[in-house]
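K.L.:
Dumping the structure here so I can ask a few things about it.
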Amino acid sequence: MVERTARFDSTTLAVVLSAVAELQEMRAGMMVQALAMKVGCHFHGHVLTCLVSLYSKCGDILTARLLFGLIGKPDLVAYNAMISGFSCNNEVEWSLQLFQELLLSGCKVSSSTIVGLIPVFYPFGHLDLTRSIHGFCVKSSFLFNSSVSTAMTTVYSRLNELELARMLFDESPEKTLASWNAMISGYAQNGQTEMAISLFHEMQKLDVRPNPVTVTSILSACAQLGALGLGKWVHDLIKLEGIESNIYVSTALVDMYMKCGSIEEARSLFDMMGEKNVVTWNAMIAGYGLHGHGKEALMLYDQMLLSGIPPTGVTFLSVLYACSHAW
């Protein structure tokens, strides 16, 4: 559009900024910001709001805050962007302070405000705040909103408050796929694998189709239990859904097969993967170590280095473990 010198306005720039913010493409966002300055749209309220979202999602909360301050009269969308930005950058106190400012302004908050306020990304140490937000949601009837209910379910799960999480899940009037994922993931991450699997079966009975998030949680539960038969059933389901090529799904499959002792199946999947990240390599190396195959772990570590994947602390620990437990 720019190359053809077509006319565009602040609305166009805001749409593009929203897209690059979701992708967390800081460089592209800064190019759009420079263009906004060039054509005189930079200080338009909705452009500044999108820039607040961009910088927040890319981890530059100080710049986001400065940009928010440039908005003459922030509307609810601008407040929501800044509140969410503070929360996702572990500035929970600032998020709460801005929320209180919003309430005092007389502006009516929305479900997006509440979702942004809930400390989903950094919940630890914020149980009291979470309960306070929960109370506010009850009084304001926000729990009838599926996004709010799901966010509350997620944060309680991460705080190991699974009874409260399940209560919110059960009381939710509309259970979206995100709701199911939040509760299943909560059980799996807290070691309640049987509950995760039971809820997954319930989801299947209701014909709710899983996505990569769902199956990675269930594969984690299978790996913890050593439930190879169930893991293979989930693998068949993954093939039916056509999501086996997803790197997170295929990595979870490798991890599950390794932890369940099916080394050949894990290696076969690993070798067939078109794309591998460091987590994939770590899962395979750790799996070899778990079963006392130190030589294979070291050989795979060498292959990892040759492929250009930089090792992490987890990689080194896995290699050391493999060497110390070699048969």
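Every residue, even glycine, has its Cβ placed from backbone N, Cα and C.
Straight from TrEMBL, here's the annotation block:
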{"type": "REPEAT", "residues": "75-109", "note": "repeat 'PPR'"}
{"type": "REPEAT", "residues": "176-210", "note": "repeat 'PPR'"}
{"type": "REPEAT", "residues": "246-276", "note": "repeat 'PPR'"}
{"type": "REPEAT", "residues": "277-311", "note": "repeat 'PPR'"}
K.L.:
Which numbers of helix, strand and coil residues does DSSP report for the repeat 'PPR' (246-276)?
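P.N.:
DSSP classes over the repeat 'PPR' (246-276) add up to 23 helix, 0 strand, 8 coil.
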K.L.:
What average pLDDT does the predicted model assign to the repeat 'PPR' (246-276)?
P.N.:
97
K.L.:
Let's see if you can do this one: DSSP helix, strand and coil counts over the repeat 'PPR' (75-109), in that order.
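P.N.:
The composition, in the requested order, is 26 helix, 0 strand, 9 coil.
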K.L.:
Is it possible to list how many residues within the repeat 'PPR' (176-210) are helical, extended or coil according to DSSP?
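P.N.:
Helix (H, G, I), strand (E, B), coil: 26 helix, 0 strand, 9 coil.
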K.L.:
Could you break down the residues of the repeat 'PPR' (277-311) into DSSP helix, strand and coil, giving a count for each?
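P.N.:
Here the numbers are 26 helix, 0 strand, 9 coil.
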